[in-house]
(Lines of atoms letter the chains of each structure in order from A; the text may use other names.)
(Lines give C-alpha, C1' and ligand atoms only; values in the text may rest on other atoms or scores of the structure.)
Protein backbone atom coordinates (compact mmCIF):
# COMPACT_ATOMS: atom_id res chain seq x y z
CA UNK A 1 0.00 0.00 0.00
CA UNK A 2 1.37 3.42 -0.91
CA UNK A 3 2.26 5.83 1.90
CA UNK A 4 -0.48 8.34 1.01
CA UNK A 5 -3.16 5.68 1.49
CA UNK A 6 -1.92 4.19 4.72
CA UNK A 7 -4.11 4.90 7.74
CA UNK A 8 -2.20 6.07 10.83
CA UNK A 9 -3.22 4.20 14.01
CA UNK A 10 -0.59 5.71 16.33
CA UNK A 11 1.84 8.60 16.54
CA UNK A 12 5.49 8.64 17.52
CA UNK A 13 6.46 11.31 20.03
CA UNK A 14 10.20 11.99 19.83
CA UNK A 15 10.18 13.25 23.41
CA UNK A 16 12.60 15.55 25.20
CA UNK A 17 15.96 13.90 24.55
CA UNK A 18 17.77 11.83 21.95
CA UNK A 19 20.26 10.10 24.25
CA UNK A 20 19.61 7.57 27.01
CA UNK A 21 21.83 9.40 29.49
CA UNK A 22 19.89 12.66 29.05
CA UNK A 23 16.58 10.79 29.25
CA UNK A 24 17.50 9.42 32.69
CA UNK A 25 18.45 12.90 33.93
CA UNK A 26 15.20 14.36 32.61
CA UNK A 27 13.22 11.49 34.13
CA UNK A 28 14.65 12.21 37.58
CA UNK A 29 14.03 15.95 37.21
CA UNK A 30 10.43 15.46 36.05
CA UNK A 31 9.68 12.91 38.79
CA UNK A 32 10.80 15.44 41.41
CA UNK A 33 8.88 18.24 39.65
CA UNK A 34 5.69 16.15 39.45
CA UNK A 35 6.01 15.17 43.10
CA UNK A 36 6.41 18.82 44.13
CA UNK A 37 3.44 19.85 41.98
CA UNK A 38 1.23 17.18 43.56
CA UNK A 39 2.51 17.81 47.08
CA UNK A 40 2.18 21.59 46.86
CA UNK A 41 -1.28 21.62 45.32
CA UNK A 42 -2.68 18.83 47.51
CA UNK A 43 -1.38 20.74 50.54
CA UNK A 44 -3.14 23.91 49.34
CA UNK A 45 -6.43 22.07 48.76
CA UNK A 46 -6.26 20.28 52.12
CA UNK A 47 -5.24 23.30 54.22
CA UNK A 48 -7.76 25.69 52.66
CA UNK A 49 -10.55 23.11 52.98
CA UNK A 50 -10.18 22.11 56.64
CA UNK A 51 -9.47 25.52 58.18
CA UNK A 52 -12.53 27.66 58.84
CA UNK A 53 -10.66 30.98 58.72
CA UNK A 54 -9.49 30.20 55.16
CA UNK A 55 -13.03 29.97 53.78
CA UNK A 56 -12.77 33.27 51.90
CA UNK A 57 -13.08 33.97 48.13
CA UNK A 58 -9.30 34.20 47.67
CA UNK A 59 -8.71 30.71 49.06
CA UNK A 60 -11.73 29.39 47.18
CA UNK A 61 -10.08 30.48 43.91
CA UNK A 62 -6.69 29.16 45.02
CA UNK A 63 -8.23 25.80 45.91
CA UNK A 64 -9.80 25.48 42.46
CA UNK A 65 -6.57 26.66 40.82
CA UNK A 66 -4.62 23.98 42.69
CA UNK A 67 -7.06 21.29 41.54
CA UNK A 68 -6.77 22.54 37.96
CA UNK A 69 -2.97 22.35 38.08
CA UNK A 70 -3.04 18.76 39.32
CA UNK A 71 -5.36 17.70 36.49
CA UNK A 72 -3.44 19.71 33.87
CA UNK A 73 -0.01 18.25 34.62
CA UNK A 74 -1.49 14.76 35.00
CA UNK A 75 -2.73 14.79 31.41
CA UNK A 76 0.80 14.50 29.98
CA UNK A 77 3.47 14.14 32.70
CA UNK A 78 2.77 10.47 33.62
CA UNK A 79 2.94 9.42 29.96
CA UNK A 80 6.09 11.52 29.47
CA UNK A 81 7.73 9.87 32.48
CA UNK A 82 6.72 6.43 31.21
CA UNK A 83 8.20 7.23 27.81
CA UNK A 84 11.49 8.40 29.36
CA UNK A 85 11.70 5.31 31.55
CA UNK A 86 10.75 2.65 29.00
CA UNK A 87 11.78 4.41 25.75
CA UNK A 88 8.26 3.74 24.42
CA UNK A 89 7.59 6.65 22.10
CA UNK A 90 4.20 5.78 20.62
CA UNK A 91 0.71 6.96 21.53
CA UNK A 92 -2.55 5.70 20.01
CA UNK A 93 -4.64 7.92 17.76
CA UNK A 94 -7.55 8.26 20.27
CA UNK A 95 -5.08 8.77 23.12
CA UNK A 96 -3.37 11.56 21.18
CA UNK A 97 -6.67 13.32 20.47
CA UNK A 98 -7.74 13.10 24.13
CA UNK A 99 -4.38 14.39 25.34
CA UNK A 100 -4.52 17.30 22.90
CA UNK A 101 -8.07 18.20 24.01
CA UNK A 102 -7.22 18.15 27.73
CA UNK A 103 -3.92 20.03 27.35
CA UNK A 104 -5.52 22.87 25.41
CA UNK A 105 -8.77 22.87 27.37
CA UNK A 106 -7.07 22.90 30.77
CA UNK A 107 -4.38 25.31 29.57
CA UNK A 108 -7.07 27.77 28.50
CA UNK A 109 -8.85 27.26 31.81
CA UNK A 110 -5.58 28.06 33.63
CA UNK A 111 -5.28 31.39 31.81
CA UNK A 112 -8.86 32.30 32.72
CA UNK A 113 -8.30 31.28 36.36
CA UNK A 114 -5.23 33.53 36.58
CA UNK A 115 -7.28 36.45 35.23
CA UNK A 116 -10.09 35.74 37.72
CA UNK A 117 -7.64 35.56 40.66
CA UNK A 118 -6.07 38.87 39.62
CA UNK A 119 -9.55 40.45 39.54
CA UNK A 120 -10.25 39.07 43.01
CA UNK A 121 -7.05 40.65 44.35
CA UNK A 122 -7.89 43.92 42.58
CA UNK A 123 -11.30 44.15 44.27
CA UNK A 124 -9.84 43.11 47.66
CA UNK A 125 -7.03 45.68 47.62
CA UNK A 126 -8.49 48.56 45.61
CA UNK A 127 -12.12 48.31 46.85
CA UNK A 128 -11.89 46.62 50.27
CA UNK A 129 -15.17 48.07 51.58
CA UNK A 130 -17.14 46.52 48.71
CA UNK A 131 -15.17 43.26 48.56
CA UNK A 132 -17.57 41.12 50.59
CA UNK A 133 -20.59 42.38 48.68
CA UNK A 134 -19.01 41.87 45.24
CA UNK A 135 -17.19 38.59 45.84
CA UNK A 136 -20.05 36.69 47.44
CA UNK A 137 -20.19 32.90 47.27
CA UNK A 138 -22.65 32.85 44.36
CA UNK A 139 -20.55 35.19 42.20
CA UNK A 140 -17.36 33.24 42.98
CA UNK A 141 -19.02 30.00 41.90
CA UNK A 142 -20.26 31.66 38.71
CA UNK A 143 -16.75 32.88 37.90
CA UNK A 144 -15.22 29.41 38.39
CA UNK A 145 -17.92 27.66 36.36
CA UNK A 146 -17.54 30.29 33.63
CA UNK A 147 -13.81 29.53 33.37
CA UNK A 148 -14.49 25.82 32.81
CA UNK A 149 -17.44 26.43 30.46
CA UNK A 150 -15.77 29.12 28.31
CA UNK A 151 -12.63 26.99 27.94
CA UNK A 152 -14.70 24.03 26.78
CA UNK A 153 -16.75 26.10 24.31
CA UNK A 154 -13.57 27.57 22.81
CA UNK A 155 -11.52 24.39 22.51
CA UNK A 156 -14.13 21.73 21.74
CA UNK A 157 -15.00 22.84 18.13
CA UNK A 158 -11.42 22.84 16.72
CA UNK A 159 -10.73 19.56 18.53
CA UNK A 160 -13.76 17.89 16.94
CA UNK A 161 -12.68 19.15 13.51
CA UNK A 162 -9.16 17.82 14.10
CA UNK A 163 -10.47 14.40 15.13
CA UNK A 164 -12.33 14.14 11.80
CA UNK A 165 -9.18 14.76 9.74
CA UNK A 166 -7.53 11.88 7.84
CA UNK A 167 -3.96 10.97 8.82
CA UNK A 168 -2.08 9.05 6.15
CA UNK A 169 1.53 9.37 7.30
CA UNK A 170 4.12 10.35 8.38
CA UNK A 171 3.24 9.96 12.04
CA UNK A 172 6.27 11.41 13.86
CA UNK A 173 5.83 14.43 16.18
CA UNK A 174 8.82 16.33 17.58
CA UNK A 175 7.26 16.88 21.00
CA UNK A 176 6.64 15.17 24.34
CA UNK A 177 2.84 15.44 24.16
CA UNK A 178 0.28 15.70 21.34
CA UNK A 179 0.46 19.32 20.24
CA UNK A 180 -2.35 20.60 18.01
CA UNK A 181 -0.13 22.65 15.70
CA UNK A 182 2.13 19.65 15.00
CA UNK A 183 -0.82 17.28 14.73
CA UNK A 184 -2.40 19.42 12.01
CA UNK A 185 0.84 19.31 10.03
CA UNK A 186 0.60 15.51 9.88
CA UNK A 187 -2.87 15.45 8.34
CA UNK A 188 -3.21 14.66 4.63
CA UNK A 189 -6.14 17.08 4.27
CA UNK A 190 -6.37 20.86 4.06
CA UNK A 191 -6.14 22.22 7.62
CA UNK A 192 -6.06 25.93 6.80
CA UNK A 193 -9.45 26.73 8.36
CA UNK A 194 -8.69 24.85 11.60
CA UNK A 195 -5.30 26.55 11.91
CA UNK A 196 -6.90 29.98 11.44
CA UNK A 197 -9.61 29.15 13.98
CA UNK A 198 -7.04 27.99 16.55
CA UNK A 199 -4.97 31.13 15.97
CA UNK A 200 -8.03 33.39 16.47
CA UNK A 201 -8.92 31.56 19.72
CA UNK A 202 -5.36 31.89 21.01
CA UNK A 203 -5.30 35.58 20.04
CA UNK A 204 -8.48 36.10 22.07
CA UNK A 205 -7.40 34.06 25.11
CA UNK A 206 -3.70 34.88 25.56
CA UNK A 207 -3.62 38.69 25.06
CA UNK A 208 -7.17 39.01 26.42
CA UNK A 209 -6.49 37.40 29.78
CA UNK A 210 -3.06 39.06 29.90
CA UNK A 211 -4.65 42.51 29.57
CA UNK A 212 -7.11 41.76 32.39
CA UNK A 213 -4.30 40.47 34.61
CA UNK A 214 -1.91 43.33 33.77
CA UNK A 215 -4.53 46.04 34.38
CA UNK A 216 -5.56 44.41 37.68
CA UNK A 217 -1.98 44.24 38.98
CA UNK A 218 -1.29 47.74 37.67
CA UNK A 219 -4.17 49.12 39.75
CA UNK A 220 -2.98 47.06 42.72
CA UNK A 221 0.54 48.52 42.47
CA UNK A 222 -0.85 52.09 42.30
CA UNK A 223 -2.92 51.39 45.43
CA UNK A 224 0.12 49.90 47.20
CA UNK A 225 2.10 53.09 46.51
CA UNK A 226 -0.44 55.00 48.61
CA UNK A 227 0.07 52.80 51.67
CA UNK A 228 1.51 55.14 54.35
CA UNK A 229 3.60 52.48 56.11
CA UNK A 230 6.89 51.60 54.41
CA UNK A 231 6.78 48.14 55.99
CA UNK A 232 3.28 47.62 54.59
CA UNK A 233 4.39 48.74 51.14
CA UNK A 234 7.40 46.44 51.23
CA UNK A 235 5.31 43.43 52.26
CA UNK A 236 2.64 44.14 49.63
CA UNK A 237 5.25 44.64 46.90
CA UNK A 238 6.96 41.38 47.88
CA UNK A 239 3.74 39.42 47.39
CA UNK A 240 2.66 41.31 44.27
CA UNK A 241 6.07 41.12 42.57
CA UNK A 242 6.23 37.35 43.06
CA UNK A 243 2.83 36.98 41.40
CA UNK A 244 3.82 39.28 38.52
CA UNK A 245 7.10 37.41 37.87
CA UNK A 246 5.37 34.03 37.63
CA UNK A 247 2.61 35.48 35.42
CA UNK A 248 5.21 37.08 33.12
CA UNK A 249 7.13 33.81 32.85
CA UNK A 250 3.96 31.88 32.04
CA UNK A 251 2.56 34.33 29.50
CA UNK A 252 5.82 35.15 27.72
CA UNK A 253 6.57 31.48 27.00
CA UNK A 254 2.95 30.75 25.98
CA UNK A 255 2.74 33.75 23.65
CA UNK A 256 6.09 33.07 22.01
CA UNK A 257 5.22 29.39 21.64
CA UNK A 258 1.79 29.79 20.07
CA UNK A 259 1.35 33.30 18.65
CA UNK A 260 3.99 33.18 15.94
CA UNK A 261 4.32 31.51 12.53
CA UNK A 262 4.30 27.72 12.92
CA UNK A 263 7.63 26.00 12.43
CA UNK A 264 7.22 23.08 10.07
CA UNK A 265 7.90 19.78 11.82
CA UNK A 266 8.39 21.40 15.21
CA UNK A 267 11.56 22.74 16.79
CA UNK A 268 13.48 21.65 19.87
CA UNK A 269 13.03 25.17 21.27
CA UNK A 270 9.24 24.62 21.21
CA UNK A 271 9.65 21.63 23.51
CA UNK A 272 11.75 23.67 25.93
CA UNK A 273 9.15 26.47 25.98
CA UNK A 274 6.33 23.96 26.50
CA UNK A 275 8.27 22.33 29.34
CA UNK A 276 8.78 25.74 30.89
CA UNK A 277 5.13 26.84 31.06
CA UNK A 278 3.62 23.39 31.58
CA UNK A 279 5.95 22.11 34.32
CA UNK A 280 8.26 24.75 35.81
CA UNK A 281 5.65 27.45 36.38
CA UNK A 282 3.19 24.83 37.67
CA UNK A 283 5.82 23.77 40.20
CA UNK A 284 6.25 27.37 41.41
CA UNK A 285 2.56 28.32 41.56
CA UNK A 286 1.57 26.59 44.86
CA UNK A 287 4.45 28.30 46.67
CA UNK A 288 4.05 31.72 45.03
CA UNK A 289 0.27 31.98 45.27
CA UNK A 290 -0.48 30.06 48.46
CA UNK A 291 2.29 28.59 50.62
CA UNK A 292 4.05 31.97 51.06
CA UNK A 293 0.85 33.40 52.53
CA UNK A 294 1.07 34.07 56.27
CA UNK A 295 -2.36 32.59 57.00
CA UNK A 296 -1.65 29.44 54.98
CA UNK A 297 1.74 28.98 56.67
CA UNK A 298 0.11 29.36 60.08
CA UNK A 299 -2.62 26.84 59.16
CA UNK A 300 0.01 24.43 57.84
CA UNK A 301 2.07 24.79 61.02
CA UNK A 302 -0.97 24.13 63.21
CA UNK A 303 -1.93 21.09 61.12
CA UNK A 304 1.58 19.63 61.41
CA UNK A 305 1.66 20.23 65.18
CA UNK A 306 -1.79 18.69 65.56
CA UNK A 307 -0.81 15.65 63.49
CA UNK A 308 2.46 15.27 65.41
CA UNK A 309 0.62 15.50 68.73
CA UNK A 310 -1.97 12.91 67.72
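Note: Cβ is positioned from N, Cα and C throughout, glycine not excepted.
Annotations in TrEMBL come from automatic prediction, not curation.
On a predicted model such as this, the values are computed, not experimentally measured, just so you know.
Of the candidate ranges 168-190, 237-259, TrEMBL annotates residues 237-259 with the feature transmembrane segment. Within the chain carrying the transmembrane segment (237-259), a Cβ under 8 angstroms from the stretch's Cβ atoms is held by residues 107, 111, 114, 118, 121, 181, 199, 202-203, 206-207, 210, 213, 217, 220-221, 224, 270, 273-274, 276-277, 280-281, 284-285, 288-289, 292, all 6 or more beyond its ends. Model confidence over the domain 'G-protein coupled receptors family 1 profile' (40-289) is summarised by a mean pLDDT of 87. Against the transmembrane segment (66-85), the recorded stretches 24-54, 97-119, 199-225 differ in Cβ pairs under 8 Å, and the greatest number is found for 24-54.
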